[in-house]
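Trainee: Take this structure first; my questions come after.
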Protein chains: 2
Amino acid sequence: MTVIGNDAALRDAADPLAHLRDRFHPTPGDAVYLNGGSLGRLPTATAGIVDHVVRAEWGDGLAGARTTWFDMCERMGDRVAEVALGAHPGEVVVGDCTSVNLYKLAAAVLDADPGRRAIVTDDDNFPTDQYVLAGVAAERGGTLRRLHTDPDRGLDLDLLREAVDDDVALVSLSLVSCRSGALFDIAEVQEIAHAAGALVLWDLSHAAGAVPVDLAANGADLAVGSTYKHLFAGPGAPAFLYVRRDLHTVLAQPIHGWYGHREQLAMRGDYEADPTIRRFLTGSPPILSAVAIEAGLAVIAEAGLEALRAKSVALTGYLQELLEPTGLRLASPVDPARRGAHVTYGHPRSAQLVPLLAENGVFVDYSVPDRLRLTPAPLSTRFADVATAAERIRGVLERSGL
Amino acid sequence: MTVIGNDAALRDAADPLAHLRDRFHPTPGDAVYLNGGSLGRLPTATAGIVDHVVRAEWGDGLAGARTTWFDMCERMGDRVAEVALGAHPGEVVVGDCTSVNLYKLAAAVLDADPGRRAIVTDDDNFPTDQYVLAGVAAERGGTLRRLHTDPDRGLDLDLLREAVDDDVALVSLSLVSCRSGALFDIAEVQEIAHAAGALVLWDLSHAAGAVPVDLAANGADLAVGSTYKHLFAGPGAPAFLYVRRDLHTVLAQPIHGWYGHREQLAMRGDYEADPTIRRFLTGSPPILSAVAIEAGLAVIAEAGLEALRAKSVALTGYLQELLEPTGLRLASPVDPARRGAHVTYGHPRSAQLVPLLAENGVFVDYSVPDRLRLTPAPLSTRFADVATAAERIRGVLERSGL
C-alpha cells in the first residue's frame, strides 16, 4: 500500500459515516464517481420502493392507491423539509421541475407588489435560473439585474448592496454556486435584501443535502431546488419548493390547477387558491419519480447533516491537497468551509479531459468553458476513492500531455 | 352459464384484441376495473422497463445514461405522436403535467397577438382546464368565455359559433368530455375557430389512446393531454404537448429553461428559444415516470387505434344495453360513436354507490355531483368483465335500495 493509500485507509477507518456507503448501489467495476453534483448515486432501497409502487400500488391497488397519492406532494415535501432544509411542516412541497417552481415563485413575488419591478441575480447563477428570471421579469414589465460574479470565488456582496434598491422585489441566488461551489451566507444576503424591502428566493439545488441549510432558523423567505443531486432521488425527480408560512396568503402563483385549489376534488366552480402551501402546486406529480425521494432522505437522516457536512469538508479538502501537485488551477474558494460539496478546477482542455478521465475510471462533470467539477458525495464516497481518483487524474494528465 | 354469460363469452371469443389482455397486470381477485379513465391498468412490461432504468441506467450507467435521457422528451413525444395522435415526428414532446402544458400554450397564443384577448371554453371542461385558462387570460388582461354545455350531451356548436368573434385568440376544449364522454368533431370545431382567426387547443386527456385522433390529417393547431389514462403510463406520468410545425416559430411560451434553449448544454448567455418543438420544454423530465410511457404504447400500436376504437364502441354499447333495465339514467350521448371510451350514468346517491360498488368488486369513478363514470378500457377489459360488472351493479342497486 502506498503512503497515500495508507493515509486514505486510516481516514476511512476513522469515518463515522463509512458504514452508510453500503446503502448505495455499488459503483460498477473500479470506477470512482465524483459526479454527485449532476446525479446522486442510487440508494439500494430505491428499486424496491419504486417496484412496490408499480406492482402493488398501481397494479394491485385499484381504488386505494390513488387516495394515497393525492397528498404525495406535501408528504414528500414535509420529509425534505425535516431532513434537508430545516423548514417547518407545511412549508415545503415536491412537484414540477426546479425551473417551473422558480417561475411560479418569482412571478408570485412580482405580482404581489406592482411598485417593484426588478429582480437581482448574478451572472454565474445556473443559466436556467437566469433564463427563467429574465423571462418572468420581461413578461411583467420588469428587469433582471445580473451582477457580475467572480466565476471562481463567488459574488462580492458589496455589489449586491449597491444593486438592491427600492425597485427590487426579489433577490434570487444559488446558495451553492453550481460551478465554483461558492457558498453564500444565508443570513448576510437576506439582511441586505430585507433592509431594502426585497424578498430572497434561494435555489438550493447544490445545497440541499450537501450543507446544513436551516431555512426556519434563518427566517428564509422562499426556496426551490433539485432532489436528484445531493438528495439521491434519481433522474429528473420532481423538485421541491419552500415558502415561509406567513407568505402563503400574501403570494399567489399564476399556474392554477386542481392541485392548488382549495377543494382539490370538488371539481367545480372557479379557481380558489388553497390557503396553505398547496396553492403553489398545479397538477399531478409524477409518482414513480416522487416516491424515489424517500430512500436517499432516510440515509441522510441517519447520517445527520452536520456529520455529513464535516465529512464533505474533509473529502474536498483532501482532494484539494492531493491534486495540488498536478498544477490544475483551483476554480473554487480555497477554504472548504466557503464552498458546498464540490470543488472545481480550471484546465484549458477540460472538454477533452472529462471523457478521457471517464475512460480511466474517474467520473467528473464538465462545465463550460474550461472547468472540471468534482463532487465526492460524502455518503457514497470513501477517502480511498478520492485518493484513487487523484492518482488517476495525475496519471491521465501526465500520459496525455493535456 | 347464464344467457348473458354465454353471450359475453361469444363476444370475447370473436374479439380480435382478446389476446392483448395478457399484456396487462392481472386485476386482483375477481375485481372488474372500469376506471381506466382515471388511471389505465399496469402493462406487464412496465415494471421491468422501470427497474432497468433504475438499476442498469442510473445505478450502473455513470456517465452514459444522462446522455440517453437528454432527448427523452422528444423521443417519447415522437412515439406518442406516431401511436396515439397521428402527428408528425418533431411535433410532440412529453414533459411537465397537463396543466402546466396548457398554461404554456394558452399563454403563448395570447402573447402572439395582442389584438385578441379572449379564450373560449365550455363550463363542462375539466375544472383544472378552466382554472388554468381563466388564470392565463386574467394575467394577460384578457377574459375567459365559458359556454354553457349540456352536461350529458356536450356543447351545442351554435353557441360556439356565436361566441367566437375577432377578439378570440383561442378556443380550448376537451375532445372527449371528462364527464359525459361527449366527443367533438375536430374538423367542425376547428372550422368555426379558424373562420374567425382563432386557434384551437385540444385537451386530449380522455381521447389519446381511446379514439383515433389524427392531428396531422385534421390540421390541428395545438394539443395537450394526459398519458396515464388511455396510454397506461402510470400515476402522474408526464403529459404530452403538440404544436403543429408551422406554429413552432410563431409561438413562444413564457417558462424559459435549459430544455427549451437552442443550445441546451451551452450553459451561457441569454435565453434563445430553440426553433423546434423543444422550445415548449422547460426543465428536466421525471425519467422513471417518463420511461413508463413505452409499454402501453407498444400494446396500443399492436392493436391499432381503429380496432381498439371498434372494440371500445362495442364494449360501451354492450354495457349500456346491460344497464338499461337498472333504471340508471344515461348521462352520456346515446350513440357510442358520439362519445369516447367511457359511458356515464346519473344517480342521486352516486357518492355512496361508488364505494359500495368497489366493495362488491366493481371499480368505477365518481364525478360531482351525481355521476358514475364507467370506462371499460378496450385493451384490458373483456366483454365478460362488462357482463359481470353490470350484474354486480344491478345486484348492489337492488340490495342497497339506493
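For all residues, glycine too, the Cβ spot is worked out from N, Cα and C.
Because TrEMBL annotations are produced automatically, they should be read as predictions rather than curated entries.
Positions annotated as pyridoxal 5'-phosphate binding site by TrEMBL: B:THR98, B:SER99, B:PHE126, B:PRO127, B:THR128, B:ASP129, B:ASP203, B:HIS206, B:TYR228, B:TRP258. Under the heading domain 'Aminotransferase class V', TrEMBL lists B:77-364. Among the features that TrEMBL reports, N6-(pyridoxal phosphate)lysine is placed at B:LYS229.
Just tell me what is around each of these and how deep it sits.
Mentor: For B:ASP203 (pyridoxal 5'-phosphate binding site), the Cβ neighbour count at a 10 Å cut-off comes to 29, with all displayed protein chains included.
A sphere of 10 angstroms centred on the C-beta of B:LYS229 (N6-(pyridoxal phosphate)lysine) encloses 29 other C-beta atoms.
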Trainee: Counting other Cβ atoms within 10 Å of each residue's Cβ, which of the binding-site residues B:PHE126, B:TYR228 comes out lowest?
Mentor: B:PHE126
Trainee: Any same-chain residues 6+ apart from B:THR98 (pyridoxal 5'-phosphate binding site) with CB under 8 Å of its CB? Would you list them in sequence order, or say none?
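Mentor: Set apart from B:THR98 (pyridoxal 5'-phosphate binding site) by at least 6 residues yet with Cβ under 8 Å, we have B:THR128, B:ASP203, B:SER205, B:VAL224, B:GLY225, B:SER226, B:ALA239.
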Trainee: Write out which of the listed recorded positions, namely B:THR98, B:THR128, B:ASP203, B:LYS229, lie with a C-beta under 8 A from a C-beta of chain A, sequence order kept, or 'none'.
Mentor: B:THR98, B:THR128
Trainee: Within 10 Å of the Cβ of B:THR128 (pyridoxal 5'-phosphate binding site), how many other Cβ atoms are there?
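Mentor: Other Cβ atoms within 10 Å of B:THR128 (pyridoxal 5'-phosphate binding site): 27.
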Trainee: Measuring Cα to Cα, how many Å separate B:PHE126 (pyridoxal 5'-phosphate binding site) from B:LYS229 (N6-(pyridoxal phosphate)lysine)?
Mentor: 14
